[in-house]
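Structure first, commentary second.
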């Protein structure tokens, strides 16, 4: 399915304005709404996790600040702003300061290629999927900088664990996403989404048009849990062993930035799996006879709604698993990656290639 001529990026739309600004400024302006939306959503992701954990443990959770505790996250931000920003005496101050910044930037750079609708995308790169996967390498640098710069053995152990885990699970995750790229015949995330659009709604999604797609779908979801250090793969932050992992020595807003970067990664991988296998911003509702549900629930605003809801669904599953599954051991973690997920991802790759050739 070819892309529609109306698929304009935000930067393209803004470049038509006769304001005489440098194009880079237009790109920055185009990114501002996306950044604010992401920050707002991720900030309340913290509130959502607190409420979900409270439900799992049969308690109320935040209730004091605002109605139903809705302003609790804002209160936490104000509290962190007032906390002392402590830098350990023997720490490498440059690495200690730049580590959280690299993590934050790395988490949000991938948002530039995530299509939030037919026209809501920062940059429709023809290698967008490759870019989104490769951007994880920047986060690895930030984690190492934070762990090494802290001059704390627990922080360093946590950083080494995290880097080994991310690099290892990046292999099955990348191969799983290549299966979706083969089905679509492109690495453009916008084009992958368009290939799954149609009046049949969810029946056009790769997960329902190709029985083999369930295998790379599950492989990527499991790998994404490891890449974001979420339970049961939260070994780099094991409280009973490493205090808090690579951010043990951080306080104040530096701690808040690292925390926010983690939720940014959670939404990023959730959006990627939604785009690769579940139609991204396309509506799940099909047209049934004269009832054109798909047509009525499609368009720019609906597109943003659908991909955000799909992303939030997978974030909910990640939070749910945190309070359901126990933490794996290091040997179990690596065994799962190298002897289970990687071989099965290669099998999925071969089966997908055979499917594409024969269809």
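Backbone N, Cα and C atoms are what each Cβ position is placed from, and that goes for glycine too.
Lifted from Swiss-Prot, the feature list:
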type     : residues : note
TRANSMEM : 19-39    : transmembrane segment
TRANSMEM : 94-114   : transmembrane segment
TRANSMEM : 127-147  : transmembrane segment
TRANSMEM : 166-186  : transmembrane segment
TRANSMEM : 202-222  : transmembrane segment
TRANSMEM : 266-286  : transmembrane segment
TRANSMEM : 301-321  : transmembrane segment
TRANSMEM : 337-357  : transmembrane segment
Any residues 6+ beyond the ends of the transmembrane segment (127-147) with a Cβ under 8 Å from its own?
95-96, 98-107, 109-110, 113-114, 155-160, 162-163, 166-167, 170, 173-174, 177, 180-181, 187-190, 192, 227, 246-247, 250, 258, 261, 265, 268, 272, 276
Report yes or no: does the transmembrane segment (94-114) come within contact of the transmembrane segment (266-286), defined as 3 or more CB pairs under 8 Å with a sequence separation of 6 or more?
yes
Under 8 Å Cβ-Cβ from the transmembrane segment (266-286), and at least six residues away from its ends along the same chain, one finds 38, 41-42, 45, 107, 110-111, 114-118, 120, 129, 132, 177, 180, 189, 192-193, 196-207, 213, 216-217, 220-221, 224, 227-228, 230, 293-294, 297-298, 302-304, 306-307, 310-315, 318
Test of understanding: applying the rule of at least three C-beta pairs under 8 Å (pairs 6 or more apart in sequence), is the transmembrane segment (301-321) touching the transmembrane segment (166-186)?
no
